[in-house]
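S.K.: From Swiss-Prot, here are the annotated features:
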- A2: N-acetylalanine (MOD_RES)
- Y6: phosphotyrosine (MOD_RES)
- S7: phosphoserine (MOD_RES)
- S14: phosphoserine (MOD_RES)
- S16: phosphoserine (MOD_RES)
- Y24: phosphotyrosine (MOD_RES)
- K70: N6-acetyllysine (MOD_RES)
- Y76: phosphotyrosine (MOD_RES)
- Y121: phosphotyrosine (MOD_RES)
- K171: N6-acetyllysine (MOD_RES)
Amino acid sequence: MAERGYSFSLTTFSPSGKLVQIEYALAAVAGGAPSVGIKAANGVVLATEKKQKSILYDERSVHKVEPITKHIGLVYSGMGPDYRVLVHRARKLAQQYYLVYQEPIPTAQLVQRVASVMQEYTQSGGVRPFGVSLLICGWNEGRPYLFQSDPSGAYFAWKATAMGKNYVNGKTFLEKRYNEDLELEDAIHTAILTLKESFEGQMTEDNIEVGICNEAGFRRLTPTEVRDYLAAIA
């Protein structure tokens, strides 16, 4: 009850030391569609569930796995409109870096800058925190990277992680399956199997999205490729 009086104030700490609006933003993430990221020896895979709103909905009109640069991509769990704002901001930050330094932005630099934007929205008046967590993958300096950034602006590097609905089950599954020598092909299968742990209904190429990042860059798998991977694990 003591927290309730602070729940509408973004910039005021509650007596227990919480910013309650951030707690609510994290709840929005935990209720969002599951997403998985796995760093392999030779690349990174991102996978997510794409909920179909209606049989009349064109499921390929909006993507959840998005490229930021040729070598960086991301996915989210949480609120789609907030995600699109951050995708636009991330692309702009990457372009600004390139204009100044004449080289692609390193993955860790982009993560730091996007997380700073998210953190700014936890201490400014007239705004609210972003209701999304991001998984950001990239390839630079000859190696893969995987980061997670939360509504608070906190970010961490991961070997493999899951977020969104039933993320605890996803992380438990990954802890059992992950090893340091995992190849990208195996990581794709593992990512899809992790999603399957909490998937409701039939998994098809229309209701999941997969992105991969390796030495060749970042790309979203085509529906045909996803269908082939689903057939391989069936």
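The backbone N, Cα and C atoms fix where each Cβ goes, glycine too.
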S.K.: Per DSSP, Y76 (phosphotyrosine) is which: helix, strand or coil?
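M.R.: Assignment for Y76 (phosphotyrosine) reads strand.
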S.K.: Let me make sure I understand the structure: which of the modified residues listed (S14, S16) has the fewest other Cβ atoms within 10 A of its Cβ?
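M.R.: The modified residues S14, S16 were compared, and S16 has the fewest Cβ atoms within 10 Å.
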S.K.: Provide the number of Cβ atoms within 10 Å of the Cβ of Y24 (phosphotyrosine), excluding the reference atom itself.
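M.R.: Excluding its own Cβ, the number within 10 Å is 14.
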S.K.: Would you say which of the modified residues Y76, Y121 has the most Cβ atoms within 10 Å of its own Cβ?
M.R.: Y76
S.K.: In whole Å, how far does the CA atom of K70 (N6-acetyllysine) lie from that of Y76 (phosphotyrosine)?
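M.R.: Cα of K70 (N6-acetyllysine) to Cα of Y76 (phosphotyrosine) measures 19 Å after rounding.
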